[in-house]
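Encoded as structure tokens, the structure appears first; notes follow it.
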Amino acid sequence: MVGFFISKTSWTRFGRLMPWIIFSTPFAVISYFLIWFVPDVSSGRMMWYLLFYCMFQTLVTCFHVPYSALTMFISREQSERDSATAYRMTVEVLGTVLGTAIQGQIVGKVDTPCIHSEEKAGINSSVAMEEVNMTHNTGSLTDTKNAYMIAAGVIGGIYVLCAVILSLGVREQRASKLESDEPVSFFQGLKLVMNHGAYIKLITGFLFTSLAFMLLEGNFALFCTYTLGFRNDFQNILLAIMLSATLTIPLWQWFLTRFGKKTAVYVGISSAIPFLILVVVIESNLVVTYLAAIAAGISVAAAFLLPWSMLPDVIDDFSLQHPDSRGHEAIFFSFYVFFTKFASGVSLGVSTLSLDFAGYQTRGCSQPEAVHTTLRVLVSAAPVALILLGLLLFKLYPIDEKKRRENKKALQELREESNSSSESDSTELANIV
């Protein structure tokens, strides 16, 4: 829907994409803060969180789709767009590190005691759970609520600051004369985009590899806490993953320019597989866990960077195959964002249901053996299988380095031809006058 509305947005003095970023930001920050606020009501809390979580996700989509598509409107050079994508993903992962650190350090300072299995056995309702909370420490619960709100306020402030820097520091370029001022309708464009083979193969491969790393990231904290027994270290282990990803994105940018993007996909994403197997095969060892986290971060960097770096190449390929159909960048990027959110939703759903069936005990000091087995599957076996499937789909992706260079040359020739035609028309008009 956001892609559709963006495609219908008229050009303004701020651009076509930037108004979406500017106007969605304050409402996104407010809804984010309200997610972490505990309303003083005895019933209806689920609807409160459902409302504001859905609102936040919608507003983030209004930010993320135009923000991602902006890559296509700050330069027409492939090398410059690749460089911009590398910088964007480096800072995006750095933002994840910052968010993880802020949330983890502020909330982690509050001691929330776990519940022993003998206490858990006597809990049959949410009322009983509330009584257990009150029994442990009323002050601790209040401190936890306040800590989440403080963290939300800090992160919301950073969100606003970054949006201001983006809106003031980035100048959106208007579509070139090569592109039609009146593109075909959205639904005609959508049909053309979804029939483009290179795009379908890229987003399906991207879907499976994204799902693999989301399963890993979403369950690694529980895996470290319960299966490995590193209850006091999991925040630092997660930080090791994200810091490793941040520092290695420039490495992958160099690698893809030297050896090509498809090669970088195979090497980068597959490099996590041995370490994902290692961390569940050996006995609990903190040093090995940190090494596996750092190695996983290297692959996370490749998984973050490479699909976004490959998308502009797909759009260029589409432009050459459909020279009369223009202005579909928002469609390409909106479906890319859609599949990111879809993978996140599937990851959350699969993880929650699997752990529930295994008998996961919320806030338990220990977990049943079935939960340990489920966590091993969610952080190792399932991600490995999904990575292999994703790499198989990337194998079918048709745009290699040779094809990319051919497309670049063809687009340059097309633009030069368009520019010379425009100059000829202007000369003829001047002669007539």
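The first residue you see is number 1, and the count goes up from there.
Any Cβ shown, glycine's included, is placed from N, Cα and C.
If you look up TrEMBL, you'll see 20-38 (among others) marked as transmembrane segment. Only residues 6 or more beyond the boundaries of the transmembrane segment (20-38), in the same chain, are considered here, and those with a CB under 8 A from a CB of the stretch are 2, 6, 9, 14, 45, 48-49, 52-53, 55-56, 59-60, 62-63, 65-67, 145, 148-149, 151-153, 155-156, 159-160, 163, 166-167.
Annotation comment: TrEMBL describes 50-74 (among others) as transmembrane segment.
Here TrEMBL flags 147-170 (among others) as transmembrane segment. Listed by sequence, the residues of this chain that lie at least six past the ends of the transmembrane segment (147-170) yet keep a Cβ under 8 A from its Cβ atoms are 14, 18, 21-22, 25-26, 28-29, 32-33, 35-37, 63, 67, 70, 74, 95, 98-99, 102-103, 106-107, 109-110.
The transmembrane segment annotation in TrEMBL covers 198-216 (among others).
According to TrEMBL, the transmembrane segment annotation covers 236-256 (among others).
Residues annotated as transmembrane segment in TrEMBL: 263-282 (among others).
The transmembrane segment annotation in TrEMBL covers 288-309 (among others).
The list of residues near the transmembrane segment (330-355) in space but at least 6 beyond its ends in sequence, with Cβ under 8 angstroms from a Cβ of it, reads 2-4, 6-7, 17, 57, 61, 64-66, 68-69, 186, 189-190, 193-194, 199, 203, 206-207, 210-211, 214-215, 218-219, 222, 307-308, 311, 314-315, 318, 371, 374-375, 377-378, 382. Annotated transmembrane segment per TrEMBL: 330-355 (among others), in sequence order.
With a cut-off of 8 Å between Cβ atoms, the residues of this chain six or more beyond the transmembrane segment (375-397) that come close are 198, 201-202, 204-209, 211-213, 215-216, 218-220, 222-223, 226-227, 262, 265-266, 269-270, 272-273, 276-277, 279-280, 310, 350-351, 354-355. As annotated by TrEMBL, transmembrane segment applies to 375-397 (among others).
The compositional bias 'Basic and acidic residues' annotation in TrEMBL covers 408-418.
Residues or ranges marked as region 'Disordered' in TrEMBL: 408-433.
Annotation comment: TrEMBL describes 419-433 as compositional bias 'Low complexity'.
Highlighted: of the candidate stretches 50-74, 198-216, 236-256, 288-309, 288-309 has the greatest count of Cβ pairs under 8 Å to the transmembrane segment (263-282).
For the transmembrane segment (236-256), the neighbouring stretch richest in Cβ pairs under 8 Å, chosen from 50-74, 198-216, 288-309, is 288-309. If you look at the transmembrane segment (50-74), the same-chain residues 6 or more away from its ends with a CB under 8 A from one of its CBs are 2-3, 6, 15-18, 20-21, 24-25, 27-28, 31-32, 34-35, 80-81, 84-85, 88, 163, 166, 170-173, 175, 308, 312, 315, 329-330, 332-334, 336-337, 341.
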